[in-house]
């Protein structure tokens, strides 16, 4: 009987949590959600311009503002995940919000009365004659858009951290996870910019938005299926609040002498029982952890968190400050990406889009960098990393910052190539007297493949480098916030793209007048 009871006890044991099995559900949600998001990121300019009667400039800026908000609000999703909810619950909650956004866009695209009358057959210079969307129509559009933006921001903040949490800190599979996570993102994006863009072009935008709605719904269901396998974080307070407390207490103690040795500083086990060692950088913040001496010579630490902080809390703040230069260095790269997703797609609509006898929708042009990434990510992880690891002794092959640096250089090269191609396109239009023509130029759309291919490689290096860098460098209590910060530069890149478009537009007007 004892043996039988022991056997039954083993049979009822919970399945082992974490590992590759758990990340399969994360990959699935990442691919499906990104399939919906990227398909709209590359084609919404066409929807704004052709169906909502926005001007070309307003269409581009509306998209870049939407994309920027999607990445900026990821900070809020990261805070929610670290402070109140587990990463799994955050993904489900924000996925449902994204689902509502796509549903609203589907309804608007299906009913003609929810959109302005179509405006077709006019040259670009005459589109100001089109009837603009009224307040109600614009309200539905922007409500749907920003529900999607808000929802996807939470998923993007929590999902990479949820996957990385499934491996131990020293497990080399954690490093590979980020590469394969990018591969799942890329696979979803390839389907999005081909299949869903084809649907929007040939079947209608209501069908395209409908497919996106179903894809997000399925992604939530798939992620939920793996609930019993996940290692879930336990939220223990707001990392943002802890950082603010450090600055407040450091300013309050600014007149105290700089502490010289660690014994003078207050420290206890921090979030998740983690104690971060003190570093010498940004030593002015150490004043926040100075222990207060009582009249009898003893030290008092029974003060509120707004009167004294721990060394671990101070070091968390230093980590965030150290991240700022990395964020700023990648802003301009994401500005390049925003330009490629807006005006390059619009460029393609003026060119000959027949490839091997098949008419390719302009919005599907981004499939070129995605295919490059899909091919090179496994090569990078399975071939380059093991070889580089033997040479450098670094588990990831090369350091995160080196990977980011390679991506930045490649992004600069891609924009230089884009400038050359645009010069060629305008030259062809002038030579054939087709500047305002609605007919495609005698120039094949594959010319745009040069800049896209180079940028695809740039994104492969930088995207994973950023996410992994911010995740690994963050403390245990702010992993989701750290991941969200990696999207922060994307947000400012898209906003900066809007500024660049407005500035160039005004300078061009002044130049011509």
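Each position is counted from 1, following the chain as shown.
Yeah, the Cβs are placed from backbone N, Cα and C, and that goes for glycine too.
The annotation transmembrane segment is assigned in TrEMBL to 24-50, 62-80, 92-111, 138-159, 180-201, 207-226, 326-345, 365-388, 400-421, 450-471, 492-511.
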Lying 6 or more residues past either end of the transmembrane segment (207-226) yet within Cβ distance under 8 Å of it, the residues of that chain are 21-22, 24-26, 28-29, 31-33, 35-36, 39-40, 43, 88, 91-92, 95-96, 98-99, 102-103, 105-106, 109, 151, 196-197, 199-200
Could you pull out which residues elsewhere in the chain have a CB under 8 Å from any CB of the transmembrane segment (92-111), counting only those six or more residues past its ends?
29, 33, 36, 47, 51, 77, 85, 137, 140-141, 143-155, 158, 204-206, 208-210, 212-213, 216-217, 219-220, 223-224
Segment proximity, the transmembrane segment (180-201) to the transmembrane segment (492-511), 3 or more C-beta pairs under 8 Å:
no
Under 8 Å Cβ-Cβ from the transmembrane segment (450-471), and at least six residues away from its ends along the same chain, one finds 160-161, 164, 175, 178-179, 181-182, 323, 326, 330, 333, 336-337, 340, 344, 365-366, 368-373, 376-377, 380, 396, 400-401, 403-404, 406-411, 413-415, 417-418, 421, 479, 482-483, 485-486, 489
Determine which residues of the chain contact the transmembrane segment (400-421) at the Cβ level, with the cut-off under 8 Å and only residues 6 or more beyond its ends counted.
326, 329-330, 332-333, 336-337, 339-340, 344, 447-448, 450-452, 454-455, 457-466, 468-469, 472
